[in-house]
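Below is one structure, written out as structure tokens, with a few remarks after it.
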Amino acid sequence: MDPKATSTSKTDNIDQITIIEEKVNKIGTEPTIRKYSKGRMLGKGGFAKCYEVTNLENKKVLAGKIICKASLTKSRAKQKLISEIKIHKSLRHSNIVEFEHVFEDQENVYILLELCPNQSLHDLIKRRKRLTEIEVQCYTLQLICGLKYLHSRRVIHRDLKLGNLLLNDKMELKICDFGLAAKLEFDGEKRKTVCGTPNYIAPEVIEGKGGHSYEVDTWSLGVIIYTLLVGRPPFETSDVKQTYKRIKACEYSFPDHVSVSDTAKNLVQKMLTLDPSKRPSLDEILQHPFLKNANNIPKFLPASTLACPPSTSYLNQFASPENSVKVPSQPAPKSAEATPLAAQKNGRFINTQGSNMFGSEKTLVTSPHSATTQAHTNENVVLTSQLDRHQTQGEKGWNFTKTGSWQSNLNGTQSVKGSSRPQTVQQKGDLKSAQSLKAPALLNNLGSRLRVSGSAVGSNRGQVLSGNEVWVKKWVDYSSKYGMGYNLSNGTTGVFFNDNTKIVFNQKTDQVTYIQRGKNDRQDTVTHYSLTEYPKDLQKKMTLLQHFKKYLEGSEYGGSESINDGTETQIGVYVKKWVKTKNATLFRLSNKTVQVHFTDRTEIILNSENKQVTYVARKETEPISP
């Protein structure tokens, strides 16, 4: 007998907690109740909403896709849901989101899926704008592995897009959302349903006359590769009809201002061919020069690539000797320009920080539709020149059989262990950041969101940082509503808002600086005001700035830490990007300093100006838990 469920909710003094109760009926035994707590929303689509769901019995955290039965009044919608469940439930592959469980009650259908905390490639492109070719190669190989499995099971996905490609806590790519997928009954069968997402849809689907098959996924894969390399889909326009017109004419080009290799262009051109029969098979794609040398492509990318491109030293590990980029013996840690890591339009990255189960692209349906990745270190060595090499342990190389399948032996990860004393070392390469991107629970009290790098480590930090160094002294995470407020060591107070704007108060000059991203991602727009004179549309943000300032300066944390005056050029330093992960909070300042504050109260500060990496240990008397 299929399990049934009922859902109830209870409210405490802080937040409303919704408990989903599943009544499990087993033959020969009394019914049992399995309980889940419903957490933050991860995304939503036309018929469903996705939430973080925790099994209260085993504490396993899942993604719960909840479909309201009231939206399934039409028989076609019901059949679509049944088909999605049937297809997804039958799939088991490392590059496909795992189907855990399904049950229902009188109001909803609940589909429990593997949680992918590092979000989707759509979210990644919003932050990074575009990826390096080695990253595109890595994700493409994983996607092809998943597609080969699907096609071997006679399944066409039919809605491949960046929003449906998720990253789990190990940075594995996972295909999700089988709402438009089709299961063919026999080889050579064609489907004629017009379905998909406008920017990714294949021309034969739009035409609809001769039907379509597996080749539509190949077309979408070509669009995905182009989008990852360039930063926007090849046929995108402001009008869907115009987009379809360009797709049917295969009208696109590579922009001159973006550097794309000839081999990458050639592969995309072969895949974006109007005649489906002339598109390369998945095995032929694997043999293309862009992907053929799989041993020089990492199997998984470091979590730092969620925020910035791989460093030159990291890339050189996978480059052939003749193509290796020559670098100085001790270069500064690379810090690339990237889109801020705070919330975009929907605030999902910092605000909810869950995987985007549905993406943000509009899907069209018409009829005849880690484990944390961490640096591997010795107990007595915190940062060494070998960090980049550790970055790829268990990640390097693809081993394809004749059918294109691959086997991996991913080495187990180790926790980062710090020495008992602060130390400053020269370091090349980039540091792998922690991965599992989970926001803290929503709290009513602003004070309860305070996180401080203050007095407990402040004295230690002072021993290893120069007098004109600037760092984040303390901060408060209120991104569930507004943003993140912070104090710098030079006395500056700032707020990084969820809409990616920033406001900074200089206590020496009483000047307020407001920073907005320029149109078309060009240079930021910077305007200056005072605390008393500013435009009316900044009233709310100015009020929030003063609230954050008052709270941080009056908090009990870090009060004994002296302010580092800094130099005049450093007074303009502010937090340009930030991200909160499961094991750390990362800040990138406008002077390109990168600060990582781990949950065990240790810190790492990377200074690109003086090519210095500073490690700050916690005090022996300080508890490990924050």
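Even glycines carry a Cβ here, placed using N, Cα and C.
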Which of Lys35, Lys59, Lys60, Lys65 belongs with Leu42, Gly43, Lys44, Gly45, Gly46, Phe47, Ala48, Lys49, Cys50 in the ATP site listed by Swiss-Prot: Lys65
Residue from Ser71, Ser311, Ser436 to which Swiss-Prot assigns phosphoserine: Ser71
Coarse DSSP state, helix versus strand versus coil, of Leu42 (ATP binding site): strand
Predicted model, mean pLDDT over the domain 'POLO box 1' (471-554): 86
ATP binding residues Leu42, Gly43, Lys44, Gly45, Gly46, Phe47, Ala48, Lys49, Cys50, Lys65: largest Cα-Cα distance, in Å and rounded to whole number: 14
For the domain 'POLO box 1' (471-554), residues assigned helix / strand / coil by DSSP: 22 helix, 35 strand, 27 coil
Lys44 (ATP binding site) CB neighbourhood, other CB atoms within 10 A: 16
